[in-house]
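Input: a single structure, listed below in structure tokens.
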Amino acid sequence: MRSPLAPGVRFCSSFSRDSWYRSFTLFLTFLSYTAYHLSRKPIMIIPLVNCSMVIRPADLNTTDNETWCDWAPFDQDNYKTLYGMLDNSFLVAYAIGMFFSGIFGERLPLRYYLSCGMLLSGLFTSLFGLGYYWNIHSIWYYAFIQAMNGLVQTTGWPSVVTCVGNWFGKGKRGFIMGVWNSHTSVGNILGSLIAGAFVSTAWGLSFIVPGLIITFTGVLCFFFLVESQFDQSSFSLCRKAQPSRKSPTHYIEACCMPYFEKGVVEFSLCLLFAKLVSYTFLYWLPLYISNVAHFDAKAAGDMSTLFDVGGILGGIAAGVVSDYSGGRATTCCAMLLLAAPMLFLYNYVGQTSIATTVVMLLVCGGLVNGPYALITTAVSADLGTHESLQGNSRALSTVTAIIDGTGSIGAAIGPLLAGLISPTGWNNVFYMLISADVLACLFLSRLMYKEVG
């Protein structure tokens, strides 16, 4: 007597080939962008290093117990300015490159484009860490590496959003992409933990290990990524939308009006200020916790990951609510309005106890990163596959790059402003963040009125 088909085999065979491709694409793009964010995080942890946290070698012949482990040129009083220069080298290059990345992503095979970007990102991340072993002390070396890393990392977001948008329709896109978008926070958390593990011994490994991880993930993408179930022919947005033998005015309207009519501009400007708030927290939260709560570098870095945990929950909640209500802009506005008073409260009572710190970081992370996550995922996918773009699925890469590129300007400005304002007091930094949060909400007022009405 023959035995029945094994339960596991029956379960696997119950799914179609498209279902398996869809699931694996979701998993692989999740893994890919986790690696992207994981490789960005070390530079945010390293500035917390000082000699009080490092075990001094017994055979070290020096009487200076305070500066023996400092790394030139970051051993002077202007070290915060130098670290700010590195941050902005990455962020400015990323913001500029993003506007071009969508154009390339629209015309090149996404599997090649994404894999190549990840391999190059792994190279530049590792080169930064190798500066420790090669004994490099030039600020221009580290600034150049950061700028190049910022450029090559622009390959990631348009590619992964386009892949997911190609496989998933609008039905539950908010929920699916809300869960999927947790890769950002997972990458930040893992990056903090990996960087923190080496920060007090050999900081070069804080970069080399993430560099190797993103390189390996890029190899996986090259061999296994299935970018779309649809036709992969590369037509640009404007070429597809261009009517034959029409006037130049008609051409411009057909190519550009969908962006204005459907809210691409408003969501882009909203994301500029929302990302300003998010990235200021991303770069400055460990230092804020260290200074205000007097935690050491590793504890401050670990505590800051709670903000990202809250971001995971906030992104999922935003996706579910927007799917159910059908109001993407309204969901973003509601969360942004709640975020403003929560930021104020966190600054004044957030460090009174460990329990309060944990709760406030989770709440603020959810409210700050929820709208940011929704705009960069479900909203970008909705707008990039809108019927007004005349069925061109590859336009999704361009729309995603426009929205995230505009947001990246805010990501570059926020940490810079925080660096300039922080000497006047952390209260002023939080007032700046609250003002940006309110402005982000105001840019969506027209779309929210349209949804509610």
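The backbone N, Cα and C atoms fix where each Cβ goes, glycine too.
Marked as transmembrane segment by TrEMBL: 20-38 (among others).
Marked as domain 'Major facilitator superfamily (MFS) profile' by TrEMBL: 25-452.
Taken from TrEMBL, the feature transmembrane segment applies to 88-105 (among others).
Long-range Cβ contacts of the transmembrane segment (112-134) within its own chain (Cβ-Cβ under 8 Å, at least 6 residues beyond either end) map to 32, 35-36, 39, 42-43, 71, 104-105, 141-142, 145-146, 148-149, 152-156, 159-160, 163, 202-208, 210-219, 221-222, 225. Residues annotated as transmembrane segment in TrEMBL: 112-134 (among others).
According to TrEMBL, the transmembrane segment annotation covers 140-168 (among others). Counting same-chain residues at least six beyond the ends of the transmembrane segment (140-168), those with a Cβ under 8 angstroms from any Cβ of the stretch are 21-22, 25-26, 29, 32-33, 36, 39-40, 43, 85-87, 89-94, 96-98, 100-102, 104-105, 110, 113-114, 116-118, 120-121, 124-125, 127-128, 131, 176-177, 180, 225, 227-230, 376-377, 380-381, 384-385, 393-394, 396-398, 400-401, 404.
The transmembrane segment annotation in TrEMBL covers 180-199 (among others).
According to TrEMBL, the feature transmembrane segment maps to 205-226 (among others). Sequence-distant neighbours of the transmembrane segment (205-226) (same chain, 6+ residues past either end, Cβ-Cβ under 8 Å): 21, 24-25, 28-29, 31-32, 34-36, 38-39, 41-42, 45-46, 110-112, 114-119, 121-130, 163, 191, 194-199.
As annotated by TrEMBL, transmembrane segment applies to 267-285 (among others). Beyond its flanks by at least six residues, the transmembrane segment (267-285) meets 44, 87, 91, 188, 304, 307, 311, 329, 332, 336, 339, 343, 364-365, 368-369, 371-372, 375-376, 379-380, 383, 402-404, 406-415, 417-419, 422, 429, 433, 436-437, 439-441, 443-444, 447 of its own chain at Cβ-Cβ distances under 8 Å.
If you look at the transmembrane segment (329-348), the same-chain residues 6 or more away from its ends with a CB under 8 A from one of its CBs are 263, 266-267, 270, 274, 277, 314, 318, 321-322, 360-361, 363-364, 366-368, 370-371, 374-375, 426-427, 430, 433-434, 437-438, 440-441, 444-445, 447-448, 450-452. The transmembrane segment annotation in TrEMBL covers 329-348 (among others).
The annotation transmembrane segment is assigned in TrEMBL to 354-375 (among others). For the transmembrane segment (354-375), the residues of the chain that approach it from at least six positions outside its boundaries are 174, 178, 181, 184-185, 267, 270-271, 274-275, 277-278, 281, 289, 293, 303-304, 306-311, 313-315, 317-319, 322, 328, 331-332, 335-336, 338-339, 342-343, 345-346, 403, 407, 437, 440, judged by C-beta separation under 8 angstroms.
Feature annotation from TrEMBL assigns transmembrane segment to 395-417 (among others). Remote same-chain partners of the transmembrane segment (395-417), defined as residues 6 or more beyond its termini with a Cβ less than 8 Å from a stretch Cβ, comprise 84, 87-88, 91-92, 94-95, 98-103, 105-106, 110, 154, 157-159, 161-162, 165-166, 236-237, 240, 259, 264, 267-269, 271-280, 283-284, 372, 375-376, 379-381, 383-385, 389, 432-433, 436.
Here TrEMBL flags 429-449 (among others) as transmembrane segment.
Same-chain neighbours of the transmembrane segment (20-38): 114, 118, 121, 153, 156-157, 160, 163-164, 167-168, 176, 180, 182-184, 186-188, 190-191, 194, 210, 213-214, 217-218, 220-221, 224-227, 229, counting only residues six or more beyond its ends whose CB sits under 8 Å from a CB of the stretch.
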